[in-house]
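See below for the structure under consideration.
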Amino acid sequence: MDFNFAIGVIGLFLLLISFILNSIKKLNQESFNYNLINLGGAGFLIYYAFTIDSLPFLILESVWAVFAGYKVMNIFFTKGIK
């Protein structure tokens, strides 16, 4: 497994972990941790999309990261980390 592929796999697992934890009610979509995991996963996948030269995937993950980043910052500055 090369480095770029490993980065993609890490990003994939981070997004799946947040999805599964939300589905089984262990994380709320409005929680800091949920959005931070999503931001991290999207960040790894942005890098991976760039390395495989996939513009649609890059756009998708960039939008995902922007919204997750917005939520992280909003929660951090309005409610604090819980």
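Cβ atoms are placed via backbone N, Cα and C, with glycine included.
Note that TrEMBL annotation is computational and uncurated.
Model, not experiment: these values are computed from the prediction.
The average pLDDT for the domain 'CBU-0592-like' (6-76) in the predicted structure is 97. The feature domain 'CBU-0592-like' is assigned by TrEMBL to 6-76.
Beyond the ends of the transmembrane segment (6-24), by six or more residues, the same chain brings 34, 37-38, 40-45, 47-48, 51-52, 61 to within a C-beta distance below 8 angstroms of the stretch. The transmembrane segment annotation in TrEMBL covers 6-24 (among others).
Taken from TrEMBL, the feature transmembrane segment applies to 31-50 (among others).
Beyond the transmembrane segment (56-77), the same-chain residues lying 6 or more positions past its ends with a Cβ under 8 Å from any Cβ of the stretch are 11, 30-32, 35-36, 38-39, 42-43, 45-46, 48-50. Under the heading transmembrane segment, TrEMBL lists 56-77 (among others).
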